[in-house]
Amino acid sequence: MSISRGGSTALDLAPLLDASNNSDNSDTEAKSNGALLNASSSHSHRDKERERDREREEADSAVFVKKVGSAVFYGISSFMITVVNKTVLTSYAFPSFLFLSLGQLTASIVVLGAGKRLKLVNYPPLQRNTFAKIFPLPLIFGFNMIFGLGGTKALSLPMFAALRRFSILMTMLLELKILGVRPTTAVQISVYAMIGGALIAASDDLSFMQGYTYVMITNALTASNGVYVKKKLDTSEIGKYGLMFYNSLFMFLPALLINYFTGDLQKALDFPSWNDPAFVLQFLLSCVMGFILSYSTIVCTQFNSALTTTIVGCLKNICVTYLGMFIGGDYVFSWLNCIGINISVMASLLYTYVTFRRKQAPDKQSHLPSSRGESV
């Protein structure tokens with residue numbers, strides 16, 4: 001405050017105006033800094049979101065590659081072992097499918113045992129409760145392989161592939177009873193058509209009743225195998241390599257005893273073509289392919305819903321059906337048999353289409369089988 005020359009008093013507002021201006025500037029600066037902080041925080045949040053989305057996409061892409069790769073791997077392995085087994089058992093007339101199954105068990109034990117020693121694979125050591133942890137999978141695994149090989153030897157590949165489709169019906173019934181999963185009408189129609197075509201094809205020639213029996217036992221074991229493989233992978237700490245190794249290890253001695261008491265061991269050792277390098281190569285390839293198929297089946301079951309494995313199996317069997325008319329030399333053409341097989345094939349395509357459309361809800365199908373026996 002100051003006194004004017006005329007004696008009157010007047011307020012000096014300059015300091016107040018300066019203070020007000022300073023206050024306004026401070027508020028403006030604070031708001032500006034807050035806006036900058038908010039903008040920076042918003043940008044940081046968006047960057048984190050983008051980073052998370054990118055990581056999620058990369059993870060999804062990696063999972064997709066594993067799913068597709070394991071399915072293709074399973075399909076090729078399944079197809080190849082079917083052809084090789086048929087060549088050994090029929091084209092070379094090898095007398096014992098039981099001895100061939102023993103060779104496949106041995107190959108799995110040797111390969112996985114060596115792999116663990118070289119630290120290429122890892123699984124828990126054998127313990128007293130190991131058998132109890134994976135039971136009844138060794139029995140299902142071993143007999144599935146034995147009866148599958150028996151059916152391969154006794155039947156032509158087209159009939160073998162047609163009758164193997166009964167495993168889908170058995171799985172459908174098993175799912176309904178145990179898991180409470182009711183198939184759609186379209187799935188039921190396609191499955192019944194597959195079975196009907198197989199029955200028509202089989203009705204023309206009932207001279208292979210032993211082979212039919214082997215295949216039907218294999219179908220039942222296949223349905224059980226899919227359920228228990230998925231269950232043990234989800235609940236057991238043994239892992240896929242442990243399941244493969246101990247399944248083969250626990251079934252080796254029973255398979256050896258069966259070979260000995262049935263006389264198949266001696267018949268196999270007396271087989272004259274052991275001096276033929278081509279036969280020996282095919283036999284060893286069959287043994288190694290047994291291990292490869294076992295691995296591809298478990299990996300496909302692990303990375304996919306078993307629905308995908310079932311679809312791959314159906315598509316593979318279609319190729320086997322038609323190629324089998326020229327491989328093995330034991331397919332006898334008849335119109336009734338040919339019509340039945342083609343009905344079963346068309347129904348398989350329908351089944352593949354219907355189940356592929358339902359793949360949006362794969363969790364319901366997580367216990368469908370991926371079969372070792374289906375492919376041998």
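Every residue gets a Cβ built from N, Cα and C, even glycine.
With DSSP classes pooled into helix, strand and coil, the tally for the compositional bias 'Basic and acidic residues' (44-58) is 15 helix, 0 strand, 0 coil. Look at TrEMBL and you will find 44-58 tagged as compositional bias 'Basic and acidic residues'.
If you look up TrEMBL, you'll see 77-351 marked as domain 'Sugar phosphate transporter'.
Feature annotation from TrEMBL assigns region 'Disordered' to 17-58.
If you look at the transmembrane segment (96-118), the same-chain residues 6 or more away from its ends with a CB under 8 A from one of its CBs are 85, 88-89, 142, 145-146, 149-150, 152-153, 241, 244-245, 247-249, 251-252, 255-256, 258-259, 262, 264-265, 267-268, 283, 286-291, 294. The annotation transmembrane segment is assigned in TrEMBL to 96-118 (among others).
TrEMBL lists 130-149 (among others) with the feature transmembrane segment.
Look at TrEMBL and you will find 186-203 (among others) tagged as transmembrane segment.
Among the features that TrEMBL reports, transmembrane segment is placed at 209-229 (among others).
Per TrEMBL, the feature transmembrane segment maps to 241-261 (among others).
Remote same-chain residues near the transmembrane segment (281-300) are listed as 70-71, 73-74, 77-78, 80-81, 84-85, 87-88, 92, 94, 100-101, 103-108, 111-112, 145, 229, 233, 240, 243-244, 247-248, 308-309, 312, 370-372, 375-376 (criterion: CB distance under 8 Å, separation of at least six residues from the stretch ends). The transmembrane segment annotation in TrEMBL covers 281-300 (among others).
What TrEMBL records for 307-327 (among others) is transmembrane segment.
Per TrEMBL, transmembrane segment is recorded for 333-354 (among others). Long-range Cβ contacts of the transmembrane segment (333-354) within its own chain (Cβ-Cβ under 8 Å, at least 6 residues beyond either end) map to 158-159, 162, 165, 168, 184, 186-187, 189-191, 193-205, 311, 314-315, 317-318, 321, 325.
Counted as Cβ pairs under 8 Å, contacts with the transmembrane segment (209-229) are highest for 130-149 among 130-149, 186-203, 241-261. Sequence-distant contacts of the compositional bias 'Basic and acidic residues' (44-58) (same chain, six or more residues past either end, CB-CB distance under 8 Å): none. Long-range Cβ contacts of the transmembrane segment (241-261) within its own chain (Cβ-Cβ under 8 Å, at least 6 residues beyond either end) map to 96, 98-99, 101-102, 105-106, 108-109, 112-113, 115-116, 121-124, 126, 130-131, 134, 137-139, 141-142, 146, 229, 232-233, 268, 291, 294-295, 298.
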